[in-house]
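Some notes on the structure that comes next.
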Amino acid sequence: MGLQARLLGLLALVIAGKCTYNPEPDQRWMLPPGWVSLGRVDPEEELSLTFALKQRNLERLSELVQAVSDPSSPQYGKYLTLEDVAELVQPSPLTLLTVQKWLSAAGARNCDSVTTQDFLTCWLSVRQAELLLPGAEFHRYVGGPTKTHVIRSPHPYQLPQALAPHVDFVGGLHRFPPSSPRQRPEPQQVGTVSLHLGVTPSVLRQRYNLTAKDVGSGTTNNSQACAQFLEQYFHNSDLTEFMRLFGGSFTHQASVAKVVGKQGRGRAGIEASLDVEYLMSAGANISTWVYSSPGRHEAQEPFLQWLLLLSNESSLPHVHTVSYGDDEDSLSSIYIQRVNTEFMKAAARGLTLLFASGDTGAGCWSVSGRHKFRPSFPASSPYVTTVGGTSFKNPFLITDEVVDYISGGGFSNVFPRPPYQEEAVAQFLKSSSHLPPSSYFNASGRAYPDVAALSDGYWVVSNMVPIPWVSGTSASTPVFGGILSLINEHRILNGRPPLGFLNPRLYQQHGTGLFDVTHGCHESCLNEEVEGQGFCSGPGWDPVTGWGTPNFPALLKTLLNP
């Protein structure tokens, strides 16, 4: 049977739509705290929905990622282009035609694809969208720290059963923007303000052995990026003031090279300021991009829009740092698996993706009356490098580091343990004398974080005001990312490719070039069984601080060749 005949038969089933299915049956609906409904959306109002189309050759993609990321492979560093990835994963002609005809019949207009052809973003009226997706009912909600407006459906949606081989999920229906990361209150026991200097670029550079010469050369095409999903703005004026106060001892750039997305004139957010200021002071004098979500349409998911950008740009920064995270159990399995595939695509192209491990320790939730730890995603993805958090042993001195009790870490309930970390994790499980009860975590899951950096007590400039005591793994992540950008600078100057997906190499080196953090535990369930304690750090890798924090000269020596 020819493609045309198969398509006609399939379209008849799709349009009839009598047999339907829910592509995300395990997607939990819960209105986040602080959000309220403003009621149904006008049926004639237009909204934007994103359709994730089924991809092909994912096993082959996984093999290629392993080959280009493993230093022992002859293919190491021979990354794929965006066009190579597109040729590999793009949906079948039948999938493309079926979905396009289905959307066209429903009245969808202005459908935009990406280079890899595996996402379609279309505009429809609310009336059309609710007919297209039976069960969906679009409401407007407002909430979050900046009183963001979003359009979402509190009810599950259905698709024609005939589309099951062709569509993974539809984005823009259920998931809310992530909440703002927590900040510690200023400690009350500090007696003399002058004693508390806090973490600044000079403190970080001293602790991690960066000299004034450890900056970008300004002669390469090296670049780095941070992505924002918290409806926040950053201001270049804040960056200028931050560097005036804290960047006098090293060469740095005075402004961001490129903003992808809309950058408005509202008040700056602390999170946005933190990411930009510390990425650009750790990765000093390196061209920096910012992915900004403010100004997007109410029905779009900022994180999903960022993934679409990665699938549509052939030339991207080498290092991306991201502070976004959700509980694994709050997301549908098909959504998690598809996002993980997007990370795989990035790894094949030689991009280094760093995600914050989260600020709730091991996490905690109750399942059928039993407490369990609660892993985070994307921190638990096997295709990203996850960054945990530490504190100074003495908060007033530049000393060895200990666990920051909020540092996220644990074991995925979705992804199995990847081969690259098998030895390290098995050794931890065998040797740790402080393991929680086995019922609290999935010992065979992907374990995280992979590395760490200081996450406690940062100075940030936001709205031209210096703010102390900003904390969280959203601070440690851009710091580690900036240091990797400096290593990429040396690799590029030496004719080497950028580091790409770091984890296979990181675990092969068993922590060489990193300060091992061996003291402290992070938080978890406040019950009698574990009494608020999650996992504890120890020699080598652990699920609190990973392999440890960067010692720049040693890490550069380790990662410079091949």
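From the backbone N, Cα and C atoms, a Cβ is placed for every residue, glycine too.
Worth saying up front: this structure is predicted, and the values here are computed from it rather than measured.
As given in Swiss-Prot:
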ACT_SITE  Glu271  active site, charge relay system
ACT_SITE  Asp275  active site, charge relay system
ACT_SITE  Ser474  active site, charge relay system
BINDING   Asp516, Val517, Gly538, Gly540, Asp542  Ca(2+) binding site
DISULFID  Cys111-Cys122  disulfide bond
DISULFID  Cys364-Cys525  disulfide bond
DISULFID  Cys521-Cys536  disulfide bond
DOMAIN    198-562  domain 'Peptidase S53'
CARBOHYD  Asn209  N-linked glycosylation site
CARBOHYD  Asn221  N-linked glycosylation site
CARBOHYD  Asn285  N-linked glycosylation site
CARBOHYD  Asn312  N-linked glycosylation site
CARBOHYD  Asn442  N-linked glycosylation site
SIGNAL    1-19  signal peptide
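Here the features listed in Swiss-Prot are placed on the structure.
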| residue | record | DSSP class |
| --- | --- | --- |
| Asn209 | N-linked glycosylation site | coil |
| Asn221 | N-linked glycosylation site | coil |
| Glu271 | active site, charge relay system | helix |
| Asn285 | N-linked glycosylation site | coil |
| Cys364 | disulfide bond | coil |
| Ser474 | active site, charge relay system | helix |
| Cys521 | disulfide bond | strand |
| Asp542 | Ca(2+) binding site | strand |
Listed disulfide-bonded residues (Cys111, Cys364), ranked by Cβ neighbours within 10 Å, top entry: Cys364
Residue among recorded positions Cys111, Glu271, Cys364, Asp516, Cys521 with Cα closest to the Cα of Asn209 (N-linked glycosylation site): Asp516
Residue, out of the binding-site residues Asp516, Asp542, whose Cβ gathers the largest set of other Cβ atoms within 10 Å: Asp542
Candidate nearest Gly540 (Ca(2+) binding site) in space, where candidates are the recorded positions Asn221, Cys364, Asn442, Ser474 and distance is Cα-Cα: Asn442
Cβ-centroid neighbourhood (8 Å) of the Ca(2+) site, Asp516, Val517, Gly538, Gly540, Asp542 excluded: Gly511, Thr518, Ser537, Pro539, Trp541, Thr545, Trp547, Gly548
Where Asn442 (N-linked glycosylation site) sits in the secondary structure, as DSSP reduces it to three classes: coil
Residue pair Cys521 (disulfide bond), Gly538 (Ca(2+) binding site) - Cα distance, angstrom, rounded: 9
Using Cα positions only, nearest of the recorded positions to Asp516 (Ca(2+) binding site) (Cys122, Glu271, Asn442, Cys525, Cys536): Cys536
Greatest C-beta neighbour count within 10 angstroms, which of the recorded positions Cys122, Val517, Cys521, Cys525, Cys536: Val517
